[in-house]
């Protein structure tokens, strides 16, 4: 039995938010102790040429990244390699500090291997996070910033919040992710429309040459997903992340009707949305898949469906801190088994080809 499996019962008796704060503390402490930190990097970080990719002129050592929400305040970046991550996303960051929603705001659904969170973009604000990133940037791994509007900012002024964030962070991160799909900020998902996306990307593209991605909700109708995928690319999005958390509480029989569900129950819908988006924009912009990825097999399934990169978070809670390394090592074996010499050969191989109009 692994050490993680031995301590899991104790971890699950701890408040989810407190447990996360303890992980944050451990990550920040570990990097100051090479005798502990270096063996973790050696055990978990997979650096194999089969998984190397160059995307947006950035070097990715492996495809598995830190999902937004894990490192909200950019306090754990130094520790990413110790968990095996090849890149990551900090935040969500807002212009002004905000405490987020009232506690409790995180719940485990252990029998479903899921987490429900209603944090509400709690973060220290862009000024503090910018100072923190200045000390480490450029980092050995690509760093993205997940950016969102403050809760108190009205929808009609949302673009201004995103402009502030890009201006402040453009010299300390490698790319941006526009978050308009979190269920935890009232009215935020209403911004997932063509008019706002056009206005937003039109403004942000004038501020930076760095890639700007958009993250989709899994709760949109398929037709809207198709339309927004195409429109996002036309508006200038450099990539699409699918998906954010879901508000389908029936997936975990939750009596708590707030926040978003992540983890294994989201896997099927996240995969479906990936297939829809890939069917529309694969080859035009890179697609990142997140939601319920907890094994090499699931990761490989997403890659074959069109994902160039992947993200995990909840899997660490249920599978342990070695899961990213396991996924990457497993991916190499699966690629070899199918006769591939590089991950790029497998990306999108299962995307159905559209029937050509023979008229």
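Cβ from N, Cα, C; glycine included.
What Swiss-Prot records for the FMN site is 68, 69, 70, 71, 72, 92, 146, 179, 243, 263, 292, 313, 314, and among 13, 210, 215, 353 the residue it adds there is 215. Close to the recorded substrate site, the chain also has 69, 92, 100, 182, 183, 185, 259, 260: residues not among 72, 117, 118, 119, 120, 121, 179, 184, 244, 245 whose Cβ is within 8 Å of the site's Cβ mean position.
The number of other CB atoms found within 10 A of the CB of residue 72 (FMN binding site), across every protein chain shown, is 22. Taking the Cα of residue 179 (substrate binding site) as the reference point, the closest of the binding-site residues 68, 70, 72, 146, 263 is 146.
Between residue 244 (substrate binding site) and residue 313 (FMN binding site), the C-alpha separation comes to 12 Å. Of all Cβ atoms in the shown protein chains, 25 besides its own fall within 10 Å of the Cβ of residue 263 (FMN binding site).
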